[in-house]
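Everything on this sheet refers to the single structure shown next.
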Amino acid sequence: MAHQDQDGPIAGQSADGPMAQQDDDGLMAQQDDDGPMAHQADDGPMVGQEATAAFAELFGPPPEGPATPVDWDAVEEWLGLRLPADYKAVATAYGPLDIGERLWLHTPFTSDARLFDYGRFVEDGRRDAPGVLPFGETRMSDTLYWDTTASDDPDRWPVVVHVRDLANAGKDPWLRPGTTLLPTLAGFVGDGLRPSLARSGLAGGEPSPWTPPARRPEPTPEQRAALAGGTGLATLTALIPPPAAPHLGERSWEWLYERLGTRLPTEYVRLMETYGGGEWCQWLRFRTPLGTERYDLAGTEEWFGAAYRGLRADYPEYHPLAVWPEPGGFLPFADSIDGDELCWLTEGDTPDDWPLIVIPRHAGQGPPLTGTLTETLLAWLRGELRTEGLPRLVRPHEDPLDVIDFTPYGPKDD
């Protein structure tokens with residue numbers, strides 16, 4: 001049986017760790033030594049009908065209506081792992097669940113209302129620590145995982161819980177019951193979780209079967225080389241190949257220049273003609289440059305500039321920048337999903353001389369950036385950039401090439 005290194009994120013819990021500090025009536029409260037989570041059954045994990053019967057003894061029969069069908073072979077091929085048999089048996093019989101109005105047991109499904117997608121849930125959760133695989137959440141934004149590093153047998157994977165409040169307090173966020181799925185759920189019931197069931201509200205009505213997306217291709221040697229070094233657009237395209245048909249919008253560059261009252265940096269035009277509008281790493285959004293909608297480049301220059309002027313009039317100490325077309329004013333062209341703006345400062349003899357600046361949403365105004373646009377993108381993708389609004393998105397245990405990407409916009413995304 002393999003084990004996580006002792007200094008890993010799911011290594012042994014200290015005696016005074018968070019399990020000892022939870023409220024007595026909390027879902028993740030500390031177990032007494034003789035409590036329901038204290039001992040795993042000696043005769044091995046439950047599977048199939050035995051697991052379903054044990055779950056029914058805890059929580060009752062399935063909610064009304066059929067469970068969402070699951071193609072387990074396709075799911076496990078996409079995951080690259082087999083899943084615990086007790087989980088598959090319960091998920092097949094019950095579907096996605098809301099347990100005790102406090103805990104969601106997620107199964108492979110997608111919501112027509114876009115409230116939940118199993119693939120996104122797994123991909124986001126796997127980033128929290130090496131070898132974890134998520135399967136549930138609580139109303140307090142805690143996440144339940146299996147620790148897949150603990151055994152080669154998925155039926156012996158112990159449950160671990162990432163507790164958001166502990167993480168926010170700077171404490172060890174991991175609770176380690178030391179038991180597999182069904183004994184852990186029994187322990188939660190012993191701690192006060194109501195043994196009631198309902199169909200998960202995240203299903204948004206009728207949940208749909210989940211179809212695994214195409215797996216991310218293995219990184220190429222060219223990508224590895226571009227991650228390690230190099231500059232310019234050729235290096236960027238080697239690192240993240242551009243779309244076959246970049247989406248720029250329905251107008252022309254000359255139309256945009258006339259509407260803005262200025263030409264734009266040559267490097268930006270080349271970048272957009274290569275990639276078009278889209279999202280980098282699900283964080284940084286390059287607006288469609290030649291579109292006519294409110295949130296395309298020209299539309300944003302107008303409404304964001306007006307909004308900034310209003311804030312500057314009321315709070316000049318927090319909004320010190322000039323706004324285009326004022327001399328040296330900023331001109332926005334990209335933003336983060338958190339509302340930070342990436343802009344040019346229109347200083348210099350030509351647009352190619354304009355420096356970049358970030359207007360952060362949650363911090364004070366910082367100085368201009370020192371690199372070109374492509375240099376800045378490469379530094380950020382490599383985790384080398386340190387500036388508010390463009391955080392390091394790759395965690396220490398992750399391979400950047402498993403995380404960084406570009407998602408192009410299309411006509412329907414404008």
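Placement of Cβ uses the backbone N, Cα and C atoms for every residue, glycine included.
Values in this document were obtained by computation on a predicted structure and should not be read as measured data.
Feature annotations, courtesy of TrEMBL:
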REGION    1-44  region 'Disordered'
COMPBIAS  22-35  compositional bias 'Acidic residues'
DOMAIN    66-191  domain 'Knr4/Smi1-like'
REGION    197-224  region 'Disordered'
DOMAIN    247-383  domain 'Knr4/Smi1-like'
Compute the average pLDDT of the predicted model within the domain 'Knr4/Smi1-like' (66-191).
94
Can you name the far-off residues of the same chain, 6+ from the ends of the region 'Disordered' (197-224), with a Cβ under 8 Å from a Cβ of it?
59-60, 62-63, 65, 68-71, 74-75, 77-78, 94-99, 101, 104-106, 108-119, 238-240, 399, 401-402
Secondary structure content, the region 'Disordered' (197-224) (per DSSP, counts of residues):
7 helix, 5 strand, 16 coil
